[in-house]
Structures are given as C-alpha cells and as structure tokens.
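Copied over from TrEMBL:
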type	residues	note
ACT_SITE	Ser37	active site
ACT_SITE	Lys84	active site
COMPBIAS	104-118	compositional bias 'Basic and acidic residues'
DOMAIN	17-94	domain 'Peptidase S26'
DOMAIN	116-152	domain 'Peptidase S26'
REGION	92-121	region 'Disordered'
Amino acid sequence: MTGGRDVWGPAVALTVLTACGAGAARRLLVVTVRGTSMTPTHHHGDQLLVRRTRTVRRGQVVVVLRPRSPAIWREDRHSPLIVKRVAAVPGDPVPPGSLPQLAEGHEDHGGHEGHEGRVPPGRVVLLGDNAAASVDSRQLGFFPLGDVLGVVARSLRQAEGAHRR
C-alpha cells in the first residue's frame with residue numbers, strides 16, 4: 001500500500017508499552033510510610049517504590065503484611081502493611097536482643113519455640129530502625145517469610161518537613 005499511513009508500527013509499540021506497564025505494575029508497588037518506626041531512614045509520609053519479591057537479605061528494608069496483634073500497635077492501625085529492616089533470615093543466628101520474649105521463656109505465638117538460637121525455615125527477624133517507636137520482632141517474634149511483599153528499591157518522594165542527615 002503506497003501513500004497510506006502505516007498504523008501498525010505505532011499500534012505495535014503501544015501494545016508493547018502497555019504490556020510492559022502491566023508487567024511492571026505486577027512487580028512494583030508504591031507504599032506510603034506510616035509512623036516513625038523507620039526513622040531516620042524513612043519518615044512518616046515518605047513514598048517508597050517496592051519491588052515485589054520474597055527473596056530477602058539481611059539489611060534490606062522490606063514491606064510486610066501487618067500481623068494481627070492489635071493490642072500492641074502504636075503505629076497506624078488502619079494500614080495493612082508495615083515497613084521494617086531484615087535483621088536475620090532463615091538459618092541465621094538470632095540477633096541478640098531481637099527476640100526478648102523468646103529469650104525470657106515466654107510462649108512464641110508463632111509456634112516456633114525450639115528455634116535453638118537460629119531463625120527457623122520460612123521465618124525472618126524484622127526490626128524498625130527506631131526501636132523506641134517500633135513494633136517488630138522484639139515484641140512479635142519471627143515474621144513469616146510468606147508475609148513479605150517486597151524489598152524497598154528506592155524512595156520516590158520524601159515527606160515535607162522531614163529532616164534528613
């Protein structure tokens with residue numbers, strides 16, 4: 001066909017871009033930080049880009065489903081997600097002071113007594129950077145690895161007025 005406009009090129013490009021965008025939407029998540037448990041790293045109101053994965057390493061900041069223990073939550077009770085740092089992964093030694101309720105002989109409500117000083121398979125130790133304001137493994141014990149939604153890839157937007165070092 002001569003003199004006609006080739007619409008197939010732009011149509012194919014648009015289809016490819018749409019498919020890539022849909023794929024990225026399944027792999028990426030934007031989360032807004034609620035509370036002060038991750039200061040000074042992340043502040044209330046910061047927006048984080050999260051890469052969906054359940055493969056985590058020590059030191060990474062992750063987004064995890066909030067456990068159902070409403071009596072101890074000081075942070076936003078309406079958010080189903082929390083942001084914490086991975087302190088230990090399956091097979092790692094339990095970091096000192098990260099699970100005091102287990103060390104003191106209290107019952108572990110996750111059914112993981114007998115961990116013998118190591119993080120059990122399928123579990124992680126998660127801690128907030130601001131221990132004084134964080135509800136984490138220090139109160140809740142091990143978190144199920146299956147509840148981890150992803151790893152923070154980067155901060156998209158910082159909350160207004162947040163002081164940074």
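Cβ coordinates come from backbone N, Cα and C, glycine included.
For the domain 'Peptidase S26' (116-152), DSSP puts the residue distribution at 10 helix, 13 strand, 14 coil.
A distance of 8 Å separates the Cα atom of Lys84 (active site) from that of Ser37 (active site). DSSP classifies Lys84 (active site) as strand under the three-state reduction.
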